[in-house]
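All remarks here apply to the structure that follows.
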Amino acid sequence: MATANKNLSEYDKATIPNASNFRFGIVVSEWNDTITEGLYKGAYDALIDNGVEAQNIIRWDVPGSFELIYGCKKMQEQMVNAVIAIGSVIQGETKHFDFVCEGVTQGIKDLNVLHETPVIFCVLTDNNMQQSIERSGGIHGNKGTEAAIAAIKMAKLRQDH
Ligand SMILES: Nc1c(NC[C@H](O)[C@H](O)[C@H](O)CO)[nH]c(=O)[nH]c1=O
Ligand SMILES: CC(=O)[C@@H](O)COP(=O)(O)O
C-alpha cells in the first residue's frame with residue numbers, strides 16, 4: 001500500500017502498549033531541518049500522547065542522515081528502550097541521493113541486527129520537497145507519528161521476549 005492510501009498519523013490508542021515506563025532516544029538529522037523538525041514534533045507528540053514522560057525522551061542532533069548511523073549506535077548505548085532515527089533525504093542532481101539512502105538504510109538495519117535496542121527507520125527518501133512536506137505533517141500525515149508508535153510496539157516486544 002502506498003503512503004497516498006494511508007494516513008501516517010492515524011493510530012488506535014487501544015492497540016498501543018502502555019509506554020509510561022519506557023525511555024526513548026531520538027536522533028535527528030539537521031539536513032532539511034524544516035522537514036526533520038516536523039517529523040520530530042510528530043514523534044514527540046505521539047510519545048507524550050501515549051504516556052511517555054518528557055524527561056524520558058532524549059534528543060541528539062547529527063549533521064545529516066548518513067550520520068544517523070553513528071548517532072543511533074551511540075544512542076543504543078544509553079539506557080533507552082528504543083531509538084528513532086529521523087532524517088529527510090531529497091533527490092538532487094546527482095546519484096548522491098542513492099548512496100545516502102542506501103547507506104543509511106543498511107546502516108540502521110545493521111544496528112538492529114547487531115545490538116539489542118531497536119532502531120526505528122524514520123527517514124524520508126523523497127523525490128522532491130513537496131513529497132517531504134506531505135509526509136511530515138501534511139496531507140499524508142506524519143511519518144514521525146508512525147515511527148513513535150512503532151518504537152513503543154518494538155520496546156514492548158523487546159521487554160516481553
Ligand atoms: N543531501 C542530503 C544529505 N547529505 C549529507 C549526508 O547525509 C552526510 O551528512 C554527508 O554526506 C556527510 O557525511 N543528507 C540528508 O540528510 N539529506 C539530504 O538530502
Ligand atoms: C541526497 C543528496 O545528497 C542530494 O540532495 C545532494 O544534492 P546533489 O545530488 O544535487 O549534489
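Using the three backbone atoms N, Cα and C, a Cβ is placed for every residue, glycine included.
Copied over from TrEMBL, here are the features:
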| type | residues | note |
| --- | --- | --- |
| ACT_SITE | H96 | active site, proton donor |
| BINDING | W31, S65, F66, E67, S88, V89, I90, F121 | 5-amino-6-(D-ribitylamino)uracil binding site |
| BINDING | E93, T94, R135 | (2S)-2-hydroxy-3-oxobutyl phosphate binding site |
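Comparing the binding-site residues S65, S88, T94 on other C-beta atoms within 10 angstroms of each C-beta gives the minimum for T94. Taking CA atoms as the reference points, V89 (5-amino-6-(D-ribitylamino)uracil binding site) and R135 ((2S)-2-hydroxy-3-oxobutyl phosphate binding site) are 12 Å apart. In this structure the C-alpha atoms belonging to F121 (5-amino-6-(D-ribitylamino)uracil binding site) and R135 ((2S)-2-hydroxy-3-oxobutyl phosphate binding site) are separated by 14 Å. Taking the C-alpha atom of W31 (5-amino-6-(D-ribitylamino)uracil binding site) as reference, the shortest distance to any of the recorded positions E93, T94, H96, R135 belongs to H96. Each of the binding-site residues V89, I90 was scored by the number of other CB atoms within 10 A of its CB, and the lowest score belongs to I90. The binding-site residues under consideration are E67, E93. Their Cβ neighbour counts within 10 Å are lowest for E93. For ligand 2, the recorded positions lying close by, meaning a CB under 6 A from one of its atoms, are H96; the full candidate list was W31, F66, E67, H96, F121.
Cβ neighbours within 10 Å of F66 (5-amino-6-(D-ribitylamino)uracil binding site), excluding its own Cβ and spanning all shown chains: 18. Nearest by CA distance to S88 (5-amino-6-(D-ribitylamino)uracil binding site), out of the recorded positions T94, H96, R135, is R135. In the structure shown, the C-beta of R135 has more C-beta neighbours within 10 angstroms than that of any other entry among the recorded positions H96, R135. Checking the binding-site residues W31, S65, F66, V89, I90, R135 for a CB within less than 6 Å of any atom of ligand 1 leaves W31, S65, F66, V89, I90, listed in sequence order. A distance of 13 Å separates the Cα atom of R135 ((2S)-2-hydroxy-3-oxobutyl phosphate binding site) from that of I90 (5-amino-6-(D-ribitylamino)uracil binding site).
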